[in-house]
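Heads up: the structure comes next, in structure tokens.
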Amino acid sequence: MVSWSDSESTEGSAAQYISSEDSPLKIPATIDDPSFEGLADDLNVFCEHGNPGRKYVAFEGISTGRRFIACATEGVGNCGLVQWVDEHWPEHLQNAIHKLWLMYEHSQHDNKMACLEHSSTVHNFTQQKKELQETYEKLVEDVNNLLDYKDSQPKVNQKNDAENISVCVESSMTKDDEIKKLKAVVVQLKQIHVAQATVIRNLKFKHLKVKEKLSSDKRMLEICYADLKKEKDGLKKEKDKLDCCIAELMKVKEKLTMEKSTLASCIVELKTAGDSNKRKLHQTKSICDEY
């Protein structure tokens, strides 16, 4: 398994070599961040290849905005995610990011289902149009063949000609009726195409609205990330100030300890001198009492 240090910064520490015994951790989706990109030479973090990792900023799930180091090797040899630079976000921010991602995934699912339904409708309309076109072409071919046959026959008998003409007229009338029906179907098909264009336009408009909403959500996430980064930088500055104050207090404490030790030595010396003076005074008093 991949292991890493929990410290926020590796500056001043020994080089960290990260190894993967089982399988590499998947690298999440990322966004561009000019302030955190390129090789992580300054962080002194290396992957299992012994090479410096590359800096990324995550854009996936509740880890959106977190900085991490990943293997810089391209291809199948990539050993995946190496180390998270940022800790997990606060719980309230994780909940907000999780809700936004659920909305995004739901929107993507609805969009895919609408596209599938639209594709099925277009396929059915295309098949109907193809069948109607074939029927229309066959009718036109039959009419042309009938007219060609009539023109090619010699005019031997007026009666036969009249009968043939009557049959042709009746056949033509039948064909005309079929052609009229076919034209009506063509008009209906055109109306279907208009409706199809309307559906496509509405789908595009809906897709644009979803895309605009996702862009707005992405901007909001980026703003949240920027605010968190500022807050983190401020906390880091306060931490540095506190470290300086603690260092000063430690110096003062050491100084007070030394002064306390000096005072204790002085007290011992004064006590010793007092005891000596007390003995001398007692001896002097004894001598005075004898006289």
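Using the three backbone atoms N, Cα and C, a Cβ is placed for every residue, glycine included.
Database features (TrEMBL):
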- 1-20: region 'Disordered' (REGION)
- 47-88: domain 'GRF-type' (DOMAIN)
- 122-149: coiled coil (COILED)
- 218-255: coiled coil (COILED)
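With a cut-off of 8 Å between Cβ atoms, the residues of this chain six or more beyond the coiled coil (218-255) that come close are 31, 57, 59, 64-65, 86, 89, 93, 96-97, 100. Over the domain 'GRF-type' (47-88) the predicted model carries a mean pLDDT of 84. Secondary structure by DSSP for the domain 'GRF-type' (47-88): 3 helix, 15 strand, 24 coil.
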